[in-house]
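Peer 1: What follows is a structure written as structure tokens; I'll ask about it next.
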Amino acid sequence: MTHHFKGAEVSCCVKYFLFGFNIIFWLLGAAFLAIGLWAWAEKGVLSNISSITDLGGFDPVWLFIVVGGVMFILGFAGCIGALRENTFLLKFFSVFLGLIFFLELTAGILAFVFKDWIKDQLNFFINNNVKAYRDDIDLQNLIDFAQEYWSCCGAHGPNDWNLNIYFNCTDSNPSRERCGVPFSCCVKDPAEDVLNTQCGYDVRLQGVSQKYIYTKGCVGQFEKWLQDNLIIVAGIFVGIALLQIFGICLAQNLVSDIRAVKANW
């Protein structure tokens, strides 16, 4: 009588699903990195690395570099680990993804507990970047987008632009933009087809009028936007968390399959 024993097998579905999932992640990470490096090359940062620390405010390119770098490393580990059935890379993928999940969870809890401190830091962050508005084109575009999207001006109001050397109202300021605000603070006229980039000139000389510019600060408007879109924002974060947990479970399942196969050798 002949007995046939079916040995343990690595699940092809798990293996190639994890591979496909991570190759998309890897390519997206590479694209983010490429965009970030291209932006730095355009600004001359790559030819003068020391200029990275020269900007007083936040350089949005850092987001592309950091996020792209993390996605590229994670995607590489998951992709090659799944394809080559490499338990070291799969464990690295799981631990790295688990660490990111833990940091996100910790940040979320701390943000909820220390709301006032977060608000103060956001205020400081915006004002710090208001000072550096003209120092970097990417930062300038980011501030303009935020002010237009949330219909706001400055951290707490238009007078925050006194922090910027080009927009402050001091008598010693020779700038044409003296006592003004960026065009992104202006209330848009629906009848205008062409964007008036000089609409903010001199608007604070005779006091601030909500007829011409946004008078609410971006900190308050951002808080209001979060409250109005709480379900959507929470849904996005929960979706990201579930994807991370799913990725960890797939990787651990594949590691278990590989170990079971090796145990039968």
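Note that the numbers count up from 1, one per residue, in the order the chain is shown.
Each Cβ is built from the backbone N, Cα and C atoms, and glycine gets one as well.
This is the feature table in TrEMBL:
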DISULFID  CYS152-CYS185  disulfide bond
DISULFID  CYS153-CYS169  disulfide bond
TRANSMEM  16-41  transmembrane segment
TRANSMEM  61-83  transmembrane segment
TRANSMEM  95-114  transmembrane segment
TRANSMEM  230-255  transmembrane segment
Peer 1: Give the distance between the Cα atoms of CYS185 (disulfide bond) and CYS169 (disulfide bond), rounded to the nearest whole Å.
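Peer 2: On Cα coordinates alone, these residues lie 17 Å apart.
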Peer 1: Within 10 Å of its Cβ, which one of these disulfide-bonded residues (CYS152, CYS153, CYS169) has the largest number of other Cβ atoms?
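Peer 2: Within the set of disulfide-bonded residues, the most crowded position is CYS153.
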Peer 1: Across all the protein chains here, work out how many other Cβ atoms are within 10 Å of the Cβ of CYS185 (disulfide bond).
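Peer 2: That number is 27.
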Peer 1: Could you measure between CYS152 (disulfide bond) and CYS169 (disulfide bond) for me? Cα positions, answer in whole angstrom.
Peer 2: 20
